[in-house]
Amino acid sequence: MELRVANANGSCENGSIVSLYCSSQEVLCQIVRGISPEEPYNATLITWQERVRKKYGFYIGVGLAFLSCFLIGTSVILKKKGLIRLVATGATRAVNGGYGYLKDPMWWAGMATMSAGEVANFGAYAFAPATVVTPLGALSVLISAIFSSYCLGESLNLLGKLGCVICMAGSTVMVIHAPKEEKVTTVAEMASKMKDTGFIVFAVLLVVSCLILIFIVAPRYGQRNILIYIIICSVIGSFSVTAVKGLGVTIRNFFQGLPVVRHPLPYILSLILGLSIIIQVNFLNRALDIFNTSLVFPIYYVFFTTVVVASSIVLFKEWYTMSAVDIVGTLSGFVTIILGVFMLHAFKDLDINQISLPHTHKNPTPAPAPEPTVIKLEDKNVLVDNIELASTPSPQQKPKVFMTDS
């Protein structure tokens with residue numbers, strides 16, 4: 001069997017027609033993309049990868065975000081149980097600078113689960129915009145709230161369950177209205193955006209505020225105010241998200257055959273990511289050691305998401321290409337998620353369930369106040385008539401005279 005190739009016009013430019021002859025069969029092919037000898041051998045594979053990414057990349061990113069939420073929500077429970085066991089042994093607590101939890105297998109199981117969740121989160125940021133992946137973290141709040149009621153004995157009443165449903169509704173709205181296209185595709189573009197003056201000023205403000213919280217505010221008020229440790233974790237978390245996003249672009253460019261190994265940005269981002277994870281784990285353990293899990297995680301999610309979305313707006317400018325309807329929809333979804341998280345936390349101590357709900361009544365209307373007793377002053381004639389004599393007065397007794405003023 002002989003295969004012959006013939007070109008009608010003698011040109012190999014894009015759009016040219018090439019004929020393939022095999023025995024008595026003829027096939028006409030059109031050149032869509034030419035590959036020069038200088039291009040890498042996997043250029044055809046790159047084209048296929050790009051087609052798959054453009055068509056399914058957004059949904060792959062959302063799926064990885066859901067998986068990440070499940071793993072991270074579970075890891076919080078495991079780490080909390082490890083910290084509880086540490087307190088039971090009498091060792092130095094994490095909030096007091098102790099690191100005894102490093103010897104607890106339950107805590108390490110939580111760290112392993114969280115690492116797997118972060119890997120899935122890493123992949124999600126590589127495929128989907130940060131304004132989609134980060135708000136979906138509300139589902140990890142939902143998962144931790146459900147598991148904490150079964151594993152840690154923390155109650156989840158009817159309003160808490162309703163808050164979970166509201167979180168899922170808000171996440172769905174955000175996914176529908178979030179930007180589908182990612183504008184940063186190369187390491188050079190990522191480096192150019194990080195050199196932008198607006199992002200540099202924003203990053204400097206975050207670093208300065210974080211240093212003030214760590215070295216001045218946290219030693220004095222960290223054990224009394226839950227917001228101190230959570231704000232530190234949230235601010236540092238925004239840098240970790242930026243680093244993950246940049247490393248995701250680096251990995252894609254590496255498999256596309258682009259020269260990214262010699263670029264300094266991947267190494268800088270790796271250093272930022274490592275430092276961010278260490279600081280986050282340290283202060284998140286302190287918050288979990290003192291405060292309730294159902295209190296720490298929802299508040300942490302709200303602050304973390306707010307800072308990350310602000311960072312995404314400054315760095316990637318993903319919102320600039322969105323329509324007004326999508327912007328309003330995304331903000332509405334985010335506010336809905338915050339309301340759901342608020343319901344999870346604010347009403348967690350109320351004893352409200354499906355059984356007691358029908359018997360819940362409004363406070364009864366208070367009875368009207370009784371009228372004040374009015375003492376009516378009698379006149380002198382009535383007073384005289386009402387005098388009762390104990391007995392008939394004897395002649396020796398002097399008469400009693402009552403004086404009344406008229």
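All residue numbers here begin at 1 and follow the chain in the order shown.
Here the Cβ of each residue, glycine as well, is placed from N, Cα and C on the backbone.
Placement of Pro219 and Asp349 with respect to the membrane, taken from Swiss-Prot, is on a common side. Packing around Asn292 (N-linked glycosylation site) is summarised by its Cβ count: 15 other Cβ atoms lie within 10 angstroms of its Cβ, all protein chains included. Across 127-147, 156-176, 296-316, 327-347, stretch 296-316 shows the highest tally of CB pairs under 8 A with the transmembrane segment (198-218).
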